[in-house]
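What TrEMBL says about this protein:
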DOMAIN    37-178  domain 'AAA+ ATPase'
BINDING   Gly45, Pro46, Pro47, Gly48, Val49, Gly50, Lys51, Thr52  ATP binding site
REGION    473-506  region 'Disordered'
COMPBIAS  473-484  compositional bias 'Basic and acidic residues'
COMPBIAS  485-494  compositional bias 'Basic residues'
Amino acid sequence: MLWVEKYRPKTIKDVVAPSDIIKTVVTWAENWKRGVKQKPLLFAGPPGVGKTSLALALANTYGWEVVELNASDQRNWSVIYRIVGEGAFNETLSDEGDFLSSREGKLKLIVLDEVDNISKKEDFGGESALIKILKRNPPQPMILIANEPYNLSPELRNLVTMVNFRRLTRDQVVKVLERIAKLEGIEIDKKALYAIADNAGGDLRAAINDLQAVAEGRKVVKAEDVIVAKRTQETDVFKVMQKIFKTYYSTVYSEAMLLDESPEDLIYWIDANVPLEYEGEDLYKAQLVLSRADMFLGRVKRRQFYRLWKYASYLMTVGVQQSKSKVKKGFTKYTRPTFWQKLVTFQKKRELRRNILKKLAKYSHMSRRKANTELYDYVRFLLSTLDTDTAAKIAAFYDLNEEELKFLVGDERGEEIYNYMKKHNYHRIEDETFLEGYAAEIKEVELKEEEKEEVEIEEVEEEEKREVEIAEVKEEKKEEEKKETKRKRRKKEKKGKDMSLEEFFS
């Protein structure tokens, strides 16, 4: 089960939101409780700040039934009238789920999520139907939810009371993550929590999803375990996965376009999760569509023809979505692409190598470029072949830690050298005498490098000198041409002045 759902607030007290928002919403609910009709509320703000959670927690706190219509449902004129209209003007539900009018019935909270997308062509007439319903002053509390409230018409905005949500602070997000980790029995580094919170950018839902992904299969989470891709703020990639695999709603393409993920990244997400949702003929069709999308992406790279992104994106979203003959029932836990996991491993190795080169360069008094080309492999060879005591002294001289040693010479040998260093208390010293054995070699290489650099400098200076000489010759030639042109013009002018009128017209 997703932790986002597992730890969704049950009551108003559990909701993480500014006190002024809580006060406004509670006052609104209390008025409804006393029988005083109120204008519908419009919860407006970025994703993951608790808009839907507050609406559902409010209903639970006051014991109201909930009639919810979200973006995965079609919301055209007839659907809005049938679901929202009947829900707003009737007070109870029958055992079969139909709306019945009953004066003794409890209040129901009508929740219409992502209402800012209701004007799309797939929801034709939905906004006008909603406006008509609101103008009738419905006798049931209603909450509309939008990320971009100004995508709504002014007429609709005038019929509601807007409640503006703000992104959560870093500390607010960390506090929630800390509580969830404790309830899950996970020991997590404070730095890891802050890294997740920073990456989420105030999006609590995104932060909880990242925490669950990082903590998968672990009871202890360290700061270095938290290597997450930049979080998209427009919409959540897991939500797009659900739209692709769990619905037939064609707006999934436009939803995917709101992601920060490029099509090249998104295709890895979809490819990694298709086998979790599809099987047999459906899986074959989906993989066929993905292969065609990948062909378009390949052409984009080769030809820099980015208009093909549109076709690739449509194939990998709507194409894969329509490949299924039926929706797989039950919850599916989506996974991150293995390609990215390999990329993260590669980046970690690259960072280790970079740190080692810094130390080699610093303590051998040379540039990192030289350390890379002339010293790195040599030191690795020495650590691998020399006796443990000498290898440990070299490792101590370069201040290499256990992880760096394992990277250089393998886990077993690296651990052996590191344990020997600890046992004999070897540590970084400024005595470089044990390097004298190959100091002459290093000096010789440095001299050759210096000679090479001097030759290169001389060649560059000669080249610059030649270029200056050529430029001077060209400039002189240009000046001569100008003077010659002036002389010819003056000669013509003089000739014209000396001509008689008869000669001029002849």
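Here the Cβ of each residue, glycine as well, is placed from N, Cα and C on the backbone.
Fair warning: this is a prediction, and the values are worked out from it, not measured in the lab.
Local packing around the Cβ, expressed as the count of other Cβ atoms within 10 angstroms, is greatest for Gly48 among the binding-site residues Gly45, Pro46, Pro47, Gly48, Gly50. In the structure as shown, the Cβ atom of Val49 (ATP binding site) sits within 10 Å of 24 other Cβ atoms. Spatially close to Thr52 (ATP binding site) yet at least six residues away along the chain are Phe43, Val111, Asp113, Ile145, judged by Cβ distances under 8 angstroms.
In the compositional bias 'Basic and acidic residues' (473-484), the DSSP tally of helix, strand and coil residues is 12 helix, 0 strand, 0 coil. Each residue in Phe43, Asn147, Phe165, Asp203, Leu204, Arg205 lies on the same chain as Gly45, Pro46, Pro47, Gly48, Val49, Gly50, Lys51, Thr52 and has a C-beta within 8 Å of the C-beta centroid of that ATP site, without being one of the site residues. DSSP assigns Lys51 (ATP binding site) to a helical segment in the three-state reduction. Within 10 Å of the Cβ of Lys51 (ATP binding site) there are 25 other Cβ atoms, across all protein chains.
Residue counts of the compositional bias 'Basic residues' (485-494) by helix, strand and coil are 10 helix, 0 strand, 0 coil (DSSP-based).
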